[in-house]
């Protein structure tokens with residue numbers, strides 16, 4: 001069976017960021033596929049990927065890219081699946097270019113944008129799961145459990161001065 | 001039956017922006033509820049709203065706010081439903097404060113952020129529908145039709161020098 | 001007796017910044033409590049904390065957070081106590097997101113915002129003491145003494161080329 | 001009897017902004033004095049004002065300025081009273097210069113910074129009152145009443161589509 | 001014969017900006033074609049356009065877009081022709097998002113970026129002509145003439161206080 | 001025979017960035033000359049260089065500079081040759097000053113601006129070659145081959161989790 | 001006799017800004033010459049102007065420009081006279097590009113930069129006079145008088161609520 | 001005899017930056033005094049320093065500060081001497097806050113602002129010397145010599161690929 005989430009990224013060098021999306025999906029028991037798809041160096045692959053994703057059983061696409069980050073928006077131009085965008089921290093401008101390139105889409109083609117960097121990738125995995133959970137109560141229960149555990153972890157260590 | 005989408009905003013003055021989310025949902029045949037919920041002036045209402053949303057049948061929350069825009073992130077802190085955030089254009093800083101306040105969430109609580117202003121609100125409606133369509137093929141067909149029509153409109157007027 | 005200042009922060013990782021607030025209060029002889037309270041991961045705790053603070057004898061709340069920093073503003077939404085916000089330096093954007101998320105509050109709910117990072121935390125401690133000193137002349141004298149000593153330290157080393 | 005709040009501003013042209021601080025103090029029944037004090041054009045007046053404020057019975061200073069906004073920080077350099085800074089929206093840069101000039105104080109001299117423009121001025125009035133209320137229960141009750149009314153106003157108009 | 005320059009833009013609303021590119025080419029006696037091609041709403045058209053441009057005799061592509069401006073970079077991904085990008089001024093962020101989305105391309109796919117708005121469009125026309133003139137001495141002479149006239153116009157009115 | 005591309009830079013310290021332009025031209029079999037020409041320290045040399053470039057057989061100028069980066073624009077003021085600008089990453093502001101100083105040229109004198117830093121330098125070499133290829137089919141074939149190889153490299157390593 | 005101050009600007013459209021420099025010099029009794037000198041459209045004139053200024057008796061140059069504002073820095077590259085730069089407010093980016101293009105000069109060629117827009121132009125006139133006054137006690141007295149009057153004007157209207 | 005240049009800075013930690021001003025003055029044979037003067041921690045010293053500078057024979061003041069950098073503008077408020085401001089690179093925001101705090105002065109009190117960091121400090125020394133040279137031909141000759149040597153150094157090493 002095809003995985004319901006497709007994680008794509010513009011370059012192999014984006015993987016240290018994007019693996020946080022994969023790790024979150026692992027935590028929540030959601031399967032996924034991972035692929036390097038470059039908007040600028042492999043545009044035809046990008047279009048094939050985005051056009052075929054729904055037919056292959058993909059439900060949500062997570063796309064990460066940095067700098068002039070066109071991957072999420074261009075994926076969204078070729079599919080009606082929800083596309084989530086992760087702005088990867090860029091070398092010169094720390095990802096503010098990535099964030100604006102992904103978030104500032106024109107009306108009519110949407111990308112749900114997450115935070116710059118690791119936190120954003122982690123949350124892309126989480127939001128993809130939340131989207132799938134709108135029709136999957138078992139997954140919803142696992143998300144609730146993850147969130148509860150996350151809350152408990154904070155509550156269990158109220159004093160920041162203590163060692164872990 | 002409860003509407004599957006809840007649109008909330010921090011102030012009545014956000015409605016001229018947020019109505020573009022409502023209009024898009026109307027176009028796609030998705031019902032929704034609309035409410036002013038202020039993170040700062042009605043925090044208890046916000047928590048009640050977010051905690052009860054799933055039980056009332058809401059599937060996706062769209063939250064719009066400007067400036068130090070805490071509404072989307074705080075809604076997300078109280079529900080496992082997908083939350084989409086619309087940065088409303090602010091008076092002094094044109095919405096860059098709204099965008100950063102919504103997008104830069106820490107890992108573990110996710111908000112899918114759209115563009116600043118009208119385009120972002122429209123796309124929040126569209127992305128909410130795309131999320132619902134992951135388990136609703138009829139809605140998916142309506143989204144595809146909307147997208148095709150949007151494409152046809154551009155293709156029908158290739159010369160920008162012509163009057164409409 | 002309850003301490004008059006409550007220092008809260010969104011994550012244990014904020015402590016290296018926020019301890020400068022605690023150190024300043026120590027210097028000025030003001031007692032305080034310290035707690036990790038996450039707006040996004042422990043929202044109910046945040047509301048409990050802020051709602052109960054005044055009843056427990058807290059007079060000023062210092063809240064530090066980074067990125068989409070909602071902790072100070074949301075604390076302020078639940079108490080009439082003065083709330084001071086410290087923008088913690090964030091990984092990608094160096095705290096400009098934290099600063100805007102804390103400072104750009106809408107009219108009606110106020111946060112007194114300090115500088116990004118260590119200097120801001122130190123000054124949050126100082127300003128909290130100054131607030132308490134509006135009705136505590138002994139504390140005021142200690143603040144004056146601290147300020148005088150600070151001035152003397154600069155005056156005693158007028159030549160920046162000398163070793164300390 | 002001297003008013004407990006001093007509102008100063010760098011130029012007469014800042015009054016349309018700063019009057020929101022005065023209005024809020026009026027609403028809360030707090031008296032205040034208002035004066036144009038320019039850090040750059042009347043520096044001696046600024047120092048006299050700040051040095052003498054405490055002796056004259058002032059408890060909190062609110063200082064508004066735009067551009068290279070030195071008024072709040074320089075007032076704070078000459079008094080142990082709490083100083084609140086309001087970044088006035090500037091002509092070219094919309095107040096981001098004002099905000100950074102006021103908020104980014106070095107450790108040791110604190111300014112509690114509010115939002116750019118009208119909302120910030122209103123909140124400076126509110127925060128000044130909150131500071132005074134740390135030792136004035138009647139004022140605290142008036143602040144609580146103001147906040148409750150503010151909450152009720154939002155709750156009374158939940159649908160943003162209705163006319164006021 | 002096909003025109004050597006193709007001017008494309010993401011939306012009909014970009015024409016008031018992009019016509020400055022057309023005007024400059026008219027001034028320099030360079031023919032061109034003009035077409036609305038939206039990266040997000042007509043991605044297949046964009047790919048067809050870019051892939052076929054060289055075969056149709058196009059030598060330089062000028063692409064204008066605003067916000068998350070993906071048109072120039074995606075055109076460049078599908079052709080070895082020089083692509084010039086014009087950042088159109090955007091509603092919320094005045095074109096800084098457009099500029100970063102166009103200029104910050106990764107190594108391996110190039111876009112020559114011009115200034116935000118009208119000046120950038122005019123210069124895109126000029127630079128396209130300069131590129132063609134690397135193998136067209138008559139065009140080079142016309143460009144030199146244009147530049148000389150531009151210089152003369154400034155020299156002829158040295159005093160800014162005189163009416164035109 | 002003179003090389004068709006002139007690479008100039010404001011300082012020897014720009015070479016680690018600008019060598020990526022040279023490397024790309026080497027890869028594509030395009031000869032070039034390299035010279036330090038400082039707009040501010042050797043302005044007469046800059047004017048001589050730019051005025052004489054066309055006569056010496058130069059077809060495209062690549063100019064790299066950082067901070068208040070005037071080299072590309074001032075070179076463009078003295079020649080009708082296409083000028084490409086590379087914003088070198090600056091010490092304090094990471095190259096955003098360089099980017100704006102190069103890109104925001106007034107209408108009438110054009111600079112084709114590339115990305116900040118190494119990627120921009122590489123793409124300046126690529127775009128210079130693309131410009132020359134508008135009248136050199138053999139070079140065009142080499143560019144096409146480079147691009148195809150670049151695409152194949154991505155396609156050959158689709159899984160970012162594998163070691164190279 | 002030659003005027004001691006030369007005011008140049010990149011375009012006639014900069015005059016509404018730059019006339020504030022002229023007005024200030026008029027106020028202080030300092031003569032000046034005014035000329036449009038465009039760095040990009042009349043580079044040779046710029047070099048002639050800057051190289052000949054000292055010989056003609058000019059003591060200080062004031063240069064105003066917007067966007068990629070190269071005029072002040074390039075003037076400074078050709079003269080040992082003090083050069084003051086005025087960042088003119090630009091259409092898209094409100095002068096932040098002008099400010100960075102003028103202020104961020106490399107070590108070895110200096111420009112004294114003033115504020116963006118009218119205030120900066122006025123202060124350029126004032127600073128030019130202050131420079132001349134380092135060897136002209138009568139001018140110094142006039143500057144002192146201007147400053148005293150400026151101070152008196154503020155002191156005379158301490159209440160911002162009064163009509164002028 | 002008093003030195004004609006006074007170099008002041010807000011903190012001893014600014015010396016590694018500000019020594020570049022001193023070094024440049026040494027190179028040009030201009031004497032100077034150096035002192036730590038903190039606008040916020042020693043405001044009275046600042047006023048004494050600025051008010052007495054002219055009487056002590058100081059002709060130009062160089063003031064360096066970081067963050068909310070009020071030192072240059074406040075010095076300028078108390079003297080008719082030319083004041084040059086050096087924005088020291090700040091910890092969180094890399095000196096953009098320092099730059100705006102120094103440059104964006106209101107009309108009527110001028111600061112000539114240099115670049116952020118070392119280059120700005122070096123140029124403050126250079127510009128101070130240029131100001132003094134408006135009435136000192138021997139110094140002017142030394143400045144010309146420095147500039148010529150600077151030019152020769154660049155011309156002597158035209159190839160950036162060679163080792164120094």
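Note: Cβ is positioned from N, Cα and C throughout, glycine not excepted.
Nobody curates TrEMBL annotations by hand; they come from automatic prediction.
Marked as domain 'PurE' by TrEMBL: D:3-154. Here TrEMBL flags D:11, D:14, D:41 as substrate binding site.
Note on residue D:41 (substrate binding site): other Cβ atoms within 10 Å of its Cβ, all shown chains, come to 23. Ranked by Cβ neighbours within 10 A across all protein chains shown, the binding-site residues D:11, D:14 are led by D:14.
A coil conformation is recorded for residue D:41 (substrate binding site) in the three-state DSSP classification, outside any helix or strand. If you compare every pair of Cα atoms in D:11, D:14, D:41, the residues listed for substrate, the longest distance is 15 angstrom.
In sequence order there is nothing to list: of D:11, D:14, D:41, none of the binding-site residues comes within a CB distance under 8 A of chain F. Residue D:14 (substrate binding site) falls within a helix when secondary structure is assigned with DSSP. Over the domain 'PurE' (D:3-154) the predicted model carries a mean pLDDT of 98.
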